[in-house]
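Asker: Here it is, the structure, as C-alpha cells.
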Amino acid sequence: MTQWYPASPALWQGRDDSIEAPDARRLFQTVTRSETFSPENWQQKIALMGFACDEGVKRNAGRPGAAGGPDALRKALANMASHQGHERLVDLGNWVAPTPDLEGAQQVLRDAVSRCLRAGMRTLVLGGGHETAFGHGAGVLDAFAQESVGIINLDAHLDLRQTDRATSGTPFRQLAQLCDAQSRAFHYACFGVSRAANTQALWREAQWRNVTVVEDLDCHDALAQMAQFIDKVDKIYLTIDLDVLPVWEMPAVSAPAALGVPLIQVLRLIEPVCRSGKLQAADLVEFNPRFDEDGAAARVAARLGWQIAHWWR
C-alpha cells in the first residue's frame, strides 16, 4: 500500500544570509513544511509533493533509481535564493510506492492531486518515473471535469506505448483512454520529441490522436505553436521529463538524450505556460540521483522547478 510521509526537515537546509538583509533568504527559509497531508489548510498555495516511484521505469526496461528523485531535488532546491512566488510553496511530503503495485500508487497520487486542486491549491510534483504523469494528469482531469484540460509534455519520447500494463512509457495513452471513457477531448502537446527515439508506430499513434508534436530540432522556434496550444484550452497540466535535456546537461535519467533541447530553450518554452494563468499542475520526472555524481544534474532539474514556482501566475 502506498504510504504518505512528511518531508524530512534535514532536506531543507542551506546557507543563512539573513544577517545581510531581511530579504536575503533562500528556499529552505521560505518553504513551509507540513507534518500532515492537509491541502484544505493551504488555499492559494503551491503543493510541493514527491512521488517516490520507479516501478514504471523498471517495467519499461529502464534504469531504476528515480524513486530517490524527490528528496534529491528538494536538497537541490533548498539553497536556491527565494524570490517572488517561492513563499507559496508548501511541502506536502512524499507518496512512497511499494513495488510492484504501480496501479495502486497512481490511484493514490490521482486522489491526492484532485484533493489539492479542489482545495484551491496548485500542484508541483517531483517524480519518480514518468508513470507519475498518469496519476497526476488523472487528478487534474478529475478536478476540472467540466473544463478542457491541455497536457503539455516536454520530452524526448511521446510515451504513447501500447502494453498490457502501465509503465513509464504509457502515461499519455492511459490519459487518452481516460478522456475517451469520460467523453472528453484529449488535448496533448509534446515538445522536444526525438524522431530517433520513437518508432513509426508511436508517430502514427500521435497522428491518430491529433497530438501536437514539435521535434527537438525545431524547439528553438516553437513559441508560436506553444501559444496556439495554450489558447485552445481552459486549464493546463505541464509535465517535464528531464530526458528532454541533452545528456551533457542531464545525464541523470533513465534514457539520456544524445541531442536533446538545451535548458535555456526549455525555459523559454515553459515561461508563457507558467504566466498564462491557466497552469494548474506541473511536475519534473525521471531524475535519477544514482547517475548524478556531483549534484550538478540535480541543480539543473531544480532550476526548472525554481523557475516554474517563480513564474507561476
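Start at 1 and count along the chain as shown; that gives each residue its number.
A Cβ is built for glycine as well, from the same backbone N, Cα and C atoms used for every other residue.
Straight from Swiss-Prot, here's the annotation block:
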BINDING   HIS130, ASP155, ASP159, ASP241  Mn(2+) 1 binding site
BINDING   ASP155, HIS157, ASP241, ASP243  Mn(2+) 2 binding site
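For the listed features, I'd like the structural context: burial, neighbours, distances.
Answerer: Long-range Cβ neighbours of ASP241 (Mn(2+) 1 binding site) (same chain, at least 6 residues apart, Cβ-Cβ under 8 Å): HIS130, ASN153, LEU154, ASP155, ALA156, HIS157, ASP159, VAL253, VAL285, GLU286. DSSP assigns ASP241 (Mn(2+) 1 binding site) to a strand segment in the three-state reduction.
All chains included, 25 other C-beta atoms sit within 10 angstroms of the C-beta of HIS157 (Mn(2+) 2 binding site).
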Asker: Among all the protein chains here, how many other CB atoms are within 10 A of the CB of ASP243 (Mn(2+) 2 binding site)?
Answerer: 29
Asker: So how many other Cβ atoms are close to ASP155 (Mn(2+) 1 binding site), meaning within 10 Å of its Cβ?
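Answerer: ASP155 (Mn(2+) 1 binding site) is surrounded by 28 other Cβ atoms within 10 Å.
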Asker: What other residues of the same chain, not counting HIS130, ASP155, ASP159, ASP241, have a CB atom within 8 A of the CB centroid of the Mn(2+) 1 site?
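Answerer: My list of surrounding residues reads ALA133, ASN153, ALA156, HIS157, SER168, GLY169, PRO171, PHE172, THR239, ASP243, VAL244, VAL285, GLU286.
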Asker: So around the Mn(2+) 2 site, ASP155, HIS157, ASP241, ASP243 aside, which residues have their CB within 8 A of the centroid of those CB atoms?
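Answerer: For the Mn(2+) 2 site the neighbour list reads HIS130, ASN153, LEU154, ALA156, ASP159, GLY192, LEU242, VAL244, ALA255, ALA257, GLU286.
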